[in-house]
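Here is what TrEMBL records for this protein:
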type: TRANSMEM; residues: 12-34; note: transmembrane segment
type: TRANSMEM; residues: 54-73; note: transmembrane segment
type: TRANSMEM; residues: 129-154; note: transmembrane segment
type: TRANSMEM; residues: 160-178; note: transmembrane segment
type: TRANSMEM; residues: 190-209; note: transmembrane segment
type: TRANSMEM; residues: 240-259; note: transmembrane segment
type: TRANSMEM; residues: 280-305; note: transmembrane segment
type: TRANSMEM; residues: 340-365; note: transmembrane segment
type: TRANSMEM; residues: 386-405; note: transmembrane segment
type: TRANSMEM; residues: 411-435; note: transmembrane segment
type: TRANSMEM; residues: 442-465; note: transmembrane segment
type: TRANSMEM; residues: 522-543; note: transmembrane segment
Amino acid sequence: MSASSAVGTFVVWDYVVFAGMLLISAAIGIYYAIADGGQKTSKDFLMGGRSMTAVPVALSLTASFMSAVTVLGTPSEVYRFGAMFGIFAITYTCVVIISAEIFLPVFYRLGITSTYEYLEIRFNKVIRLCGTVMFIIQTILYTGIVIYAPALALNQVTGFHLWGAVVSTGVVCTFYCTMGGLKAVVWTDVFQVGVMVAGFTSVVIRTVVVQGGISPILNDSYHGGRLNFWDFDPNPLRRHTFWTIVFGGTFTWTGIYGVNQAQVQRYISCKTRFHAKMSLYVNLLGLWAILACAVFAGLCLYSVYKDCDPWTANIVPAPDQLMPYLVLDLLRDFPGVPGLFVACAYSGTLSTVSSSINALAAVTVEDLIKPYFNLSERQLYWTSKGMSLLYGVLCIGMAALASLMGSLLQAALSIFGMIGGPLLGLFALGILFPWANPTGGLVGLVCGFAVSLWVGIGSQVYSVLPESTRPLHLSTAGCNLSSLTVDSNWTAATEMTPLTTTLLKEAADRPYLADHWYSLSYLYFSTVGTLVVLAVGLIVSLLTGGRKQHLEYGKTLVQEDLIFYSLFSSCKANDEKQVEMLNWKPSPTKVSGTVNPVFSDIELDLPENKEKVNGVHI
């Protein structure tokens, strides 16, 4: 029995709501293509003229975080493993503070457009090129998956046309990115975050009404073991504990918010450093709100299906399809509302993809074209537009390739996180340690990347056993089993997939590394990569004369950068000094323009949002 036949399908009004979201997003791109006389330079296109303010940038960062992975994956995560995911609120706080007080001041002071431009300023062209290539590969791969994976999940539950959704979202996203540049990306994100919040809250409110209030939902969750916030087990093999989420999660998300072009590009586009910092801190409020909604949605999911789990009963084939199933189950009598939820999920996709396309264009122009070709500002502007169009087409093509990858989808998401860790280590090496030199940076990056790939790929070859993930009890005791086709590998009292059964039978044949090194929590992949880069990079730098080098002011974190600027502080003097610093040039021998105030925009779940990027089952 298919999920759609069990609970209903989409109607005309649902398609109207979805189409309306796409049309409004496209209209925003057209508006910013012609507003204020149109865009004339690459600075206007990639950086919005470096005139953005804190609030819209903060909402754009929030929209990027709230990807389709968040909408579909986080509630199913809480449904299966409990509300411990809520501890990420602490992680996000640490990430924002580190990004705002350590990485942002250096990037903003140098007036760079591409974050990888910093790698040449601090180290050399070879390291800059390595960072650029790694970013381009991981982002194209991840963006294709971001487009395809939610489309597949929604198609199998709602009957929403798979390739119609993939192509339409990809084309619309590419259109407004190419037409309107960074301003279009930011303001469509502002619109889309409203759609996402509306879609999320409509499901939560309906569930509260059906279940008779919030108290019954919390009561069901408590008795079902879902309110398991605190687990201080120090075992690094456990998928989620307080330590893996706070410590490992901080490294993972700092790799996205602190140094990834996807996020950095937007807050660097702010008109002052104060606005840039405030965009991060205001964004933190949005992260907390979205996390609370996603976790509570997972508890709602459990309260509704505590006695008849659709996944266990084989009604839906994957956990990420539970939220769409709940939507059709509870909201089928409200035409257009299921469409609002689908628009909610795809708004997350659009925000992620648009950020990725804009950042890919900026990195390509600044790192691969501008240093080697003598182009006028007008030529750079059209080149930037061309790159946006090219990467939009490549991302849609990558979505088609993702449809053939099958079980490799999660492997690709893990690789995204594995690349982020070594890059975070490289940037931290340059910003925090004045004696780190190019030799140490390059050797550290290679070693960190190798170790990160080793553990990440090994974790895909040898799946983690249930004692590390500890899935919670799911039941089909309340199902009408006569009308369901229940998988014989499941019972009402246990959660044992065919894969898990096979793994348990073959446990004796697994190598030692499989149950130890390869079973490391996915949140530690980035941590391992970062620490290896730092350790190796520092040792090699000290052995190759790193202490003898003389760095110009501003290439590393300085004492003035550590001052916390609050809303009540006077920022006039700081802004004046900051404008003066933007005229600083690293060296007359540099070929590339390191003093380009142009910046662009990208988002990640996946991560890149990532996020979310790592460990979400698709």
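Glycine is no exception: its Cβ is also placed from the backbone N, Cα and C atoms.
Since we're looking at a predicted model, the values are computed, not measured.
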Inset, instruction - Using a Cβ cut-off of under 8 Å, list the residues of the same chain at least 6 residues beyond the transmembrane segment (129-154) that approach it. - result: 67-69, 71-72, 114-116, 119, 160, 162-163, 165-166, 169-170, 260-262, 318, 320-321, 324, 342, 345-346, 348-349, 352-353, 356-357, 359-360, 363-364, 367-368, 391, 394-403, 409, 412-413, 415-416, 419-420, 422-423, 426, 442, 445, 449, 602, 604-608, 610, 613, 618
Inset, instruction - May I ask you to check whether the transmembrane segment (522-543) and the transmembrane segment (240-259) make contact, with contact taken as at least three Cβ pairs under 8 Å and only pairs 6 or more apart in sequence counted? - result: yes
Legend entry - Contact between the transmembrane segment (340-365) and the transmembrane segment (190-209) (at least 3 Cβ pairs under 8 Å, separation 6+): yes
Legend entry - the transmembrane segment (54-73) vs the transmembrane segment (280-305): 3 or more CB pairs under 8 Å: yes
Legend entry - Stretch in 160-178, 280-305, 386-405, 442-465 most in contact with the transmembrane segment (12-34), if contact is a CB pair under 8 A: 160-178
Inset, instruction - Six or more residues out from either end of the transmembrane segment (386-405), which same-chain residues have a Cβ under 8 Å from its Cβ atoms? - result: 140-141, 143-145, 147-149, 151-152, 166-167, 170-171, 173-175, 177-178, 181, 353, 356-358, 360-361, 364-365, 412
Inset, instruction - State the non-local partners of the transmembrane segment (160-178) in its own chain: residues 6+ outside its ends, Cβ under 8 Å from one of its Cβ atoms. - result: 10, 18, 22, 25-26, 28-30, 147-148, 151-152, 154, 184-185, 188, 342, 346, 349-350, 353-354, 357-358, 361, 385, 388-389, 392-393, 395-396, 399-400
Inset, instruction - Determine which residues of the chain contact the transmembrane segment (280-305) at the Cβ level, with the cut-off under 8 Å and only residues 6 or more beyond its ends counted. - result: 54-55, 57-59, 61-62, 65-66, 70-71, 74-79, 83, 85-86, 88-89, 92-93, 96, 99-100, 104, 193, 197, 200-201, 203-204, 207-208, 210-211, 216-218, 220-221, 224, 226, 257, 267, 322-323, 326, 329-330
